[in-house]
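Annotated in Swiss-Prot:
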{"type": "ACT_SITE", "residues": "138", "note": "active site, proton acceptor"}
{"type": "BINDING", "residues": "10, 11, 12, 13, 14, 15, 16, 17, 18, 33", "note": "ATP binding site"}
{"type": "DOMAIN", "residues": "4-296", "note": "domain 'Protein kinase'"}
């Protein structure tokens, strides 16, 4: 041991001693464990000690301290490990034993919420060692080390052994294991060397009776650890040294420590883990961890509070016929019909789940679910609060979300024609309401103000078609929050009183969640007050500054995003959300921002589809699990027309998959949101995906993002000698992409002959991309001859199928040169003007330009008046004939806006309008950010 200088003893077990030591060779601190001197002469214990070291050395996991070295030469038997600063789980538990009052810091450290992630890490480590065939056999708080920097490691592998190993039998034979009387087992918290392997207090009953160890014995020990974490007490209430029968009743955690507010099912998990009969325990660590997942993920536990029978009047406070128009005046369908109205006798909590099934026929004329504030409900003002209206027409289910009589969200979806009954689930929390139909999310709304109502109302015509209504309550809702008082003032629109109490709570709980939550709600209160009473909404921004850099830092940016959203500053809203998501990616409040993104997606689909694609991209990038498979299909339908109008989707005939890099690139292209392009480029390069790299270059170039284009060009040049793409991608080389990049640069520098020579060395797809990137600028700069020359050079050697892709450019040049005969022939032959010609297609707009060249303005307006989408791109281009369209552009996505400006410019040139008119559109196009050919 000359290499090591012992500093001090830091731990002692049944077989070994652990010292803090200085490693002279490496000049570092290590933990050195050696066999106890009084046991060093025992050959069997010496063998077990070395087995411990070798087992630990073979296991590689964050929850296991790695072994640096093992020494068994001569009398010295020891091994070394990294020294981890921290404390044992036992010392943390011991710090709160028999204490009636805990400090805020200690209360937080020993809360159920804080302990569960620690326990899950312990379980993950044990799950790993079980997968390697190892049993620990001495799991206890003493052997769990909590590092100062979040480490959770299992130590002391002296009792560990491989399952089914010969040593199990040898221990029973050679160690003369003691026979135990099951009626009178004396528990101990210390491992007994040479007698029994493990610590009796944490050993399963069958182990104390001499039964061979198994995974179930480790699960039992973990159950005892979980029990102590939940209760801060050991399950056996006994005086030290008293003998105890293991058949004695063990109180469930929820009864042992009622003040700890332990969810009943979590209590049951602990009891199942420490069941006397091994068959009654969890079958594996994996099953135990799965049972804990809802609590680790923050999912609420629901217990049924009441069951309401639709036809049983005793379940309802009010049960009367009513006119629908009084409750849902905004509905277009049959508002004058009479319906049954029922108001629940029972009040519902802040977190409530409503579940029922209903027949399709019962909602043919519609049915409503209301969440009403009690005060208004008592006065008979049933139009206040939130309402959901369900109706089925022609196999299509429509759900409307209504607030205070105003429809704020609506969604329709086709149902299975044979389906006669469907299940509806509504989850309501302080600030969130979610509607699920057949387990698929249908509507999500977040208010950020706890005012969703606490009485349930039902409006329906056909009572026979509705099942009983199950009202479940979240366990978390049983706690009365200190925020309830200001929340109540807020729900009554008593903003000043609410603000006073929010400030008091903020100042009373510094550094705690209650404090930053109160400040966040204070900011939302002031924002709502300004919005209702009139004023500058940006005044509310300073309220969220208070959260800067604190425990609730992400909420600063969520609050500011709300201000910008209500102020109509979409770009600033996105900046705030992105900053929080990037800077605080591991913060506990980030799921709240992810929920907000999800809400904004659905909200913008209803109000501003131009914004929806941005939120779709952000969710795909940050929280793709938030979107269900059924929602994927819906979103793919929404973007179908844009997909058909996207060049790199036309070139690649493979279907666009929603959860794919190509979808992320597609959304980046349409939204002009280029933040994720570098990562997409890195990902495509790593996969050697030639087509993806080409698509990314195209998107960066055609979007005008010169900086990204050149950045990718430099990155590609650095690996041009190293990479050859696989044969499955036609063995395309990086050199072809480099020719493309240099060719595009030559086009930008107006060196057209050089560009042609470089692009000649590239495949048709890259030539097409270069052509598309160049054609807009050629028309804007009125350098058509150069474009025609490049177009002809690409056109001549191509196949018939490839020529279809560049036909549009040829027609454009004919229209520009006022060659009506050639333009008409190509248009009529390939894109006949009939009802099947889609308004979103390029050919539809080119027909409008052709009609403009004929001088028939009436025909032009008649052509564009066919558009079904009044504020779509084609319809807006038609509007520019008689007036400006700039006020309508906000309804369009970024790329749609650019193309609308260009095509309006092109149409006005064809109409032979004055330069003053078409120049406005040209300048507006050029002024849009990231124009590549500036």
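Along the chain as shown, residues are numbered 1 onward.
Glycine is treated like the rest: Cβ placed from N, Cα and C.
A Cα-Cα distance of 19 Å separates residue 10 (ATP binding site) from residue 138 (active site, proton acceptor). In the three-state DSSP scheme, residue 138 (active site, proton acceptor) falls into the coil class. In three-state terms derived from DSSP, residue 10 (ATP binding site) belongs to an extended strand segment. Between the listed binding-site residues, namely 10, 18, the fewest other CB atoms within 10 angstroms of a CB are found at 10. Of all Cα pairs drawn from 10, 11, 12, 13, 14, 15, 16, 17, 18, 33, which the record names as binding ATP, the longest spans 14 Å. Put simply, residue 12 (ATP binding site) is 14 Å from residue 138 (active site, proton acceptor) when counted between their Cα atoms. Look at residue 16 (ATP binding site): DSSP puts it in a strand. Taking the Cβ of residue 16 (ATP binding site) as centre and 10 Å as the limit, one finds 23 other Cβ atoms among all the protein chains shown. In this structure, of the recorded positions 14, 138, the smallest number of CB atoms within 10 A of the CB marks 14. The Cβ of residue 12 (ATP binding site) has 11 other Cβ atoms within 10 Å, all protein chains considered. Across the domain 'Protein kinase' (4-296), mean pLDDT in this model comes to 81.
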